[in-house]
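Worksheet for the structure shown next.
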Amino acid sequence: MENKLNIVIITGMSGAGKTVAIQSFEDMGYFTVDNMPPNLIEKFVGLLNTPDNKIDKVALVVDMRSRAFFEDIQSIVTELTDNGSVNFKLLFLDANDTELVSRYKETRRSHPLAIDGRTLDGITKEREILADLKNLSEVVIDTSELTPRNLRARILQKFASSTESTFRIEVMSFGFKYGLPLDADLVFDVRFLPNPHYITELRDKNGTDKEVYDYVMEHPQSEEFYENLMKMLVPILPAYKKEGKSVLTIAFGCTGGQHRSVAFAERVSAALKDKWHLNVSHRDKDRRKETVNRS
């Protein structure tokens, strides 16, 4: 392999946020594996550490409540690191006992080491077992006072390189007649604008065509809406990124998703693409054409 294989092993107290952590690494482009058996790590690394492998970032959630694994972890990491092709980091997630008990009560789950349902006893036992591993870890994060968003932001801050895209904007258009996009964070209804559908020569075109785009944008309402929209969007985008959100989906809707919403999605994406990692898509742009062709 040309580049070293970077592996982050995620472990820590049960209930401290390992699920949020693995999702955060996935958002950073890591290949992720949840609940990797400790005795399979060496074999797993061997499968990845080949000349034709294109995966260079891996995050593993490992259950390390087995004392036997602690005796092997240092030798495993040392052996794999010494060959010069693997970088290891251990991330340990912790939280105070009070917070962990509260989280277990909230989810109504039993602690995996609890005896007769006594959560605190299970936490105490687990903390004792994991003490050496915590001392071995390069990064320790106390999640006691962190929301899932705060934890995500903390992980991005510690592990994302300056060149990685940790925040992406998806701009999309859609037609209300086909339903709202379920993954949209911000939805803007542009049905108040004049509809090119009623212009014969524009009916079969869409908002990516210059004639339709110009028709939509030449109206005073369009310009006023665009200016007010950008005044709102520009200052809130950094706030979304700061909160640790990995993807923000901005959706524009019109009746059929062919003309007005497409034109606005194109204009807004063009205005934002130089500063943000951005993708634009048009869910229903060709749906009418496909329906006509099938009939």
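Placed from the backbone N, Cα and C atoms, the Cβ positions cover glycine too.
The ATP binding site feature in Swiss-Prot is assigned to GLY12, MET13, SER14, GLY15, ALA16, GLY17, LYS18, THR19. Swiss-Prot lists ASP63, MET64, ARG65, SER66 with the feature GTP binding site.
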From the Cα of ASP63 (GTP binding site) across to the Cα of ALA16 (ATP binding site), what is the distance in angstrom?
13
Work out the three-state DSSP category of THR19 (ATP binding site).
helix
So around the ATP site, GLY12, MET13, SER14, GLY15, ALA16, GLY17, LYS18, THR19 aside, which residues have their CB within 8 A of the centroid of those CB atoms?
ALA21, LEU93, ALA95, THR143
Length of the line joining the Cα atoms of LYS18 (ATP binding site) and ASP63 (GTP binding site), in Å:
10
Length of the line joining the Cα atoms of GLY12 (ATP binding site) and ASP63 (GTP binding site), in Å:
8
Could you give the Cα-Cα distance between ASP63 (GTP binding site) and GLY17 (ATP binding site), in whole Å?
13
